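Down below is the structure, laid out as structure tokens.
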Amino acid sequence: MKIGVLALQGDFDAHRQVLERLGADVVMVRKPEQLREIEGLVIPGGESSTFLKLLGDAGFEELRKFVTTKPSFGTCAGAIMLAKQVENPAQKGTGALDIRVRRNAYGRQIESAILTSECSLPGGEMEMVYIRAPRIEEVGPGVEVLAKRDGHPVLVRQGKVLAATFHPELTGDTRVHELFLKMVRNGNSGEK
């Protein structure tokens with residue numbers, strides 16, 4: 001199974017390491033044509049506005065086509081990229097996930113934290129690393145909330161798309177990546 005990791009900036013290498021440990025064949029995606037080689041895509045954390053600049057209009061359109069039709073997983077800035085609506089400030093998202101997100105809602109870099117929250121994935125509680133994280137302000141009717149922090153969704157799934165506002169790749173817990181690989185294998189939303 002070939003999984004792409006968008007490797008333009010951000011913490012893409014941490015995702016590569018987790019995915020390879022779980023047995024995936026990982027392609028570091030740096031050009032739009034590489035999207036044709038993969039079955040699923042991870043959009044890592046980083047800076048969402050920088051992703052937009054580095055992708056350009058043509059690259060963004062290729063990314064949008066991929067994430068709206070194939071299994072995709074975004075963390076932090078990747079979740080912003082997958083969103084239907086982005087605010088603080090407003091910017092475009094791919095619309096692959098029916099969510100409204102607020103960028104940098106949990107504060108500045110210095111306010112980053114490692115917290116534990118309840119999660120509906122097998123195994124219960126999950127350690128979650130937040131770094132200038134976005135907050136999911138609203139979810140559409142087809143979005144399943146898998147975990148919350150202070151009443152706000154932090155891990156959501158809709159069809160073939162999975163998003164986390166935290167960084168599961170920075171902990172030893174591989175459950176979120178395992179769920180994504182299961183979604184890719186099943187070609188759909190998978191099972192918890």
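Including glycine, each Cβ sits where the backbone N, Cα and C put it.
Following the DSSP three-state reduction, the secondary structure of C76 (active site, nucleophile) is coil. Sequence-distant contacts of C76 (active site, nucleophile), defined by Cβ-Cβ distance under 8 angstroms and a gap of at least six in the same chain, are P44, G45, G46, I131, R132, A133, P134, A164, T165, F166, H167. Per Swiss-Prot, the feature active site, nucleophile maps to C76; the stated evidence is sequence analysis.
Positions annotated as active site, charge relay system by Swiss-Prot, on the basis of sequence analysis: H167 (among others). Residue environment of H167 (active site, charge relay system) contains 24 other Cβ atoms, counted within 10 Å of its Cβ in all protein chains.
What Swiss-Prot records for E169 (among others) is active site, charge relay system, and it gives sequence analysis as the kind of evidence. Counting only same-chain residues at least 6 apart in sequence, those with a Cβ under 8 Å from the Cβ of E169 (active site, charge relay system) are D11, A14, H15, Q17, V18, P44, T75, H177.
Annotation source Swiss-Prot lists L-glutamine binding site at G46, E47, S48, R103, I131, R132. DSSP assigns E47 (L-glutamine binding site) to coil, not to a helix or a strand. Shown in sequence order, Q9, G10, A77 are the residues of the chain, 6+ apart in sequence, with a C-beta less than 8 angstroms from the C-beta of E47 (L-glutamine binding site).
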Farthest-apart CA atoms of G46, E47, S48, R103, I131, R132, residues recorded for L-glutamine, distance in Å:
13
What is the Cβ neighbour count of R103 (L-glutamine binding site) at a 10 Å cut-off, with all protein chains included?
21
